[in-house]
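Enquirer: My questions will all concern the structure given below.
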Amino acid sequence: MGKKKRGHPDIEELLARPWCYYCERDFEDLKLLISHQKAKHFKCERCGKRLNTAGGLSVHMNQVHKETLTSVENALPNRQGLDVEIFGMEGVPEDIVQQHNQRIIQNFYTAQAERQAATGNPPRGQSGGQGPAKKIKYETPEEIKKRLAEHRARVAAQKAAAANGVAPPAAPVDGQSPAQGASPFPPPQPGYPYPVPGAPGAPGMPPYAATQPYAPPTAAAYPPGPSPPPGTTTAPFPLPARPPSGAAAAPGVPPPYFYNGAGAPPPGYPAAGASTVDELVANAARQGGGPGGVGGDDIDQLIRMAEAGIKPPPPAGAKAVAEEGAAAAAAGGERKKKEMRMVYADTEVSPEEKMAMLPRYRWVEEAAA
Amino acid sequence: MAPATQFEVAQPPTDAISALAFAPGPASRRLLVSSWDKNVYLYEIGTFEHRAPVLDVCFGSGPEEAFTAGLDHQVKRIDLATGEQTVVSKHSAAVRCVVYSSEHSILISASWDSTLHVHNTANPSQPPLAIPLPGKPHAVAASPSKVVVAMTARLVHIYDLPTLASALASPQQPPPTPQPWQQRESSLKFLTRAVACMPNDAGYATSSIEGRVAVEWFEDSAESQARKYAFKCHRQAAPEEEGGGDVVYPVNALVFHPVHGTFASGGGDGTVALWDAEAKRRMRQYQRFPDGVAALAFSADGRYLAIGVCPGFETGMEDYSGEGRTKLFIRELGETEAKGKGSK
């Protein structure tokens, strides 16, 4: 789709950016990252020489200045160690990569949800509830033929099933579903919490492909089922597995996925699909613009909140998840209130006054006199 | 590039260091150290024993004159050439700080009896002018024209040195008690630990026990006051098994570089950091010292930084002793090591 380039990079671009293990900053390209590392983390504080790696700096300090390097400068508190050999993006431990990617994904969706909540625009690739109708216009003769072939196959299958004494899986299939079946991705529905990103998961991004894009930190938010995750969908759906819209969903198939806003939403659906309050509000805002089929008092309330511009409370769920990877939380610069412990906490009496009270130092006028 | 080296002084004081001072004069390398071991050390010359722990020391009008603040309530003048000690004034409690203003030949001592004594060093026989303070002073620093006194309850009084000088010179007997030029509340929420004035007389920096440093300007205009800021420093992330979060150390020492106008802070975490007040940036942080940094001093030409290292007094300590763990380091700075980049 020839969409105008927006100011917001999409998730693949973000994930592809090289980033610095020591300070979690990301860069336009690898060259910049490497020069950053040389200037910020691998620079000798004695003579200013820039080394390529922490190990190199350690050897340099040892040989030239006869000193031992104990930590990497300007690094995040838990990344100061010399035990990992980092050069550019090489040498970053796999779990740290995953933490980083998760953080990027989470930030991306939070930012996106905020943008959508703020602007009221529908998510990318989706134009306010008329997606399916528009889709039909794009059908090529080949697609129509394919649809016809599929339709015939299905009718044949139904007949065969009927002949075997099994009830047909669905009532007369409406004319809309073949269009859905024809495209590699089901057309985004108003109720679909997040758009399917343009390309199936970029290579080398296992966490992204593995977790569900619309609920980044919690894979569990998406109930496991036979249907492949959206990012990996390639072929048209095997038709018999697809539940007829509006009818009871096949067991194990997540209803949100096919929920097209026409029928009543399955109870508790938004809570299942969204992991944070932000997302809920974003969903609500999006649904507010779509067909009025959305029921449920809480959603209405969320819509009202979004309309009134009330900021939802910080995404507690996301925070809790982030805290699971404790290292990631600190590294990710989570702006949460940090626990702190002061080594000297008396705000009235100075340490010197306390020291002066100790028998060791106490001054007694008579003693000297 | 000029060598940046650091060496440890061979015979450090035997107990915690309270203050460091380099002698005035561009080439002077003379360093005074006051200590809780009841001595004032003049490095390369010798030591001057006092009756009680010495809480502060400063040079007087030249490299041969020093003033000390004692836990025994006395402010003393030491003739460094002869070793002769004379009591300049007596407070009714321990003396916390002494500062000398060479511009006005005034010595100011601050004591836990909540007074400032202003001495006219040109006329030692004249009794000092006592100024009552609303709280116990914890840190005092002088700029060319101002004296900043940080007290308990986050009070900060700024006195104008010319006013103090004229009050001392006043023929009226007793002389009128000078009023502070400005009364402020500290920008920091916790007990003030150290104060240092900018050498260009524009402002000052304060630090607190809660790992934070504030930079403020003297000028009372709205735009000048809007420039003030504070930042966190001297903190360490606690290990996860101890509950995570930050361990926050007091910032025990602040000194401005006499030439470049940048400043160094020394914290209970044993690190010394160099800051660029203009650019609001940390320029460098030196490798951790074995114990907390108690005192810092730049030499008059800014070539050397003296770092007094000893265990910090922490909450709940019953038997503090700096014995055996007190160290003194002298760091020779490279040409541009303490030079800021200027604001961006």
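Quick reminder: no glycine exception, Cβ is built from N, Cα and C everywhere.
Look at TrEMBL and you will find A:155-183 tagged as compositional bias 'Low complexity'. TrEMBL lists A:184-198, A:223-236 with the feature compositional bias 'Pro residues'. As annotated by TrEMBL, domain 'BED-type' applies to A:13-72. Residues or ranges marked as domain 'C2H2-type' by TrEMBL: A:42-65. If you look up TrEMBL, you'll see A:114-137, A:152-198, A:216-236 marked as region 'Disordered'.
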Enquirer: Give residue numbers and ranges for long-range contacts of the domain 'C2H2-type' (A:42-65): same chain, 6 or more residues beyond its ends, CB-CB under 8 A.
Expert: 34, 72-73, 82, 84-87
Enquirer: Can you check how the pLDDT averages out over the domain 'C2H2-type' (A:42-65)?
Expert: 88
Enquirer: Would you list the DSSP helix, strand and coil counts for the residues of the domain 'C2H2-type' (A:42-65)?
Expert: 11 helix, 2 strand, 11 coil
